[in-house]
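Worksheet: one structure, shown below.
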Amino acid sequence: MVKIVLASGSPRRSELLKQIGLDFEIVLSDIDESNEENLKANELVQHLAYKKAYDVAKKVANRENGKERYLVVGADTVVVKDRIMGKPKDRDDAVRMLKHLSGSWHEVMTGIALIDTKDFRSVTSVEITKVKMKELTDDTILAYVDTKEPMDKAGAYGIQEKGAILVERIEGCYFNVVGLPLGRLSDLLKDFGVSVLKKI
């Protein structure tokens, strides 16, 4: 029996896995998330997702003398409009990001990586969703940033929380904007013999 491991401390990703009924444990990775290789956004999120998953796969692979089989899920999300935006560094950075996104379309990219500790077979993929932000007044931006909600989110907003009122429309997977594209993840899990709709 394979055991699912989520290589992420994101509460949103945990909630999404619970939503589709997966049993899993959380093991955090210790990787550097900087873009030292100057990769394009779609490459970067897959690269970081893989690094997270690989780091955690190495940690859990030797449990029980390697008798247990683990399927490690790594993910990384960025927002892209002219540049790559991760989580804001501070309050001012969050304000700058929201002003940059105001009144325009941007892309949310989530890279996913799965690694099977049995043979370290891996697969990576990326999901892209387009999001149109409303025209935001300075007062709205400052009030939203003051909620502290943006500080741990790529692009400085959370579509599943108060940030929902900032969004005009989206094209593509909503769950991708939250942090984990569930349809794409389900397809990847099938490649490793795991069905969301059937008990493992």
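Backbone N, Cα and C define each Cβ position, glycine as well.
Fair warning: this is a prediction, and the values are worked out from it, not measured in the lab.
Now, the feature entries from Swiss-Prot:
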- Asp76: active site, proton acceptor (ACT_SITE)
- Arg12: site 'Important for substrate specificity' (SITE)
- Thr77: site 'Important for substrate specificity' (SITE)
- Gln160: site 'Important for substrate specificity' (SITE)
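Here the features listed in Swiss-Prot are painted onto the structure.
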| residue | record | DSSP class |
| --- | --- | --- |
| Arg12 | site 'Important for substrate specificity' | helix |
| Asp76 | active site, proton acceptor | strand |
| Gln160 | site 'Important for substrate specificity' | coil |
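Neighbour density around each Cβ, counted as other Cβ atoms within 10 Å, peaks among the recorded sites Thr77, Gln160 at Thr77.
Between Gln160 (site 'Important for substrate specificity') and Arg12 (site 'Important for substrate specificity'), the C-alpha separation comes to 9 Å. The Cβ of the residue listed as 'active site, proton acceptor' lies under 8 Å from the Cβ of Glu33, Leu44, Val45, Gln46, Leu48, Ala49, Lys52, Thr110, Gly111, each of which sits 6+ residues away along the same chain. Counting every protein chain shown, 20 other Cβ atoms lie within 10 Å of the Cβ of Arg12 (site 'Important for substrate specificity'). Thr77 (site 'Important for substrate specificity') is 12 Å away from Arg12 (site 'Important for substrate specificity') when you measure Cα to Cα.
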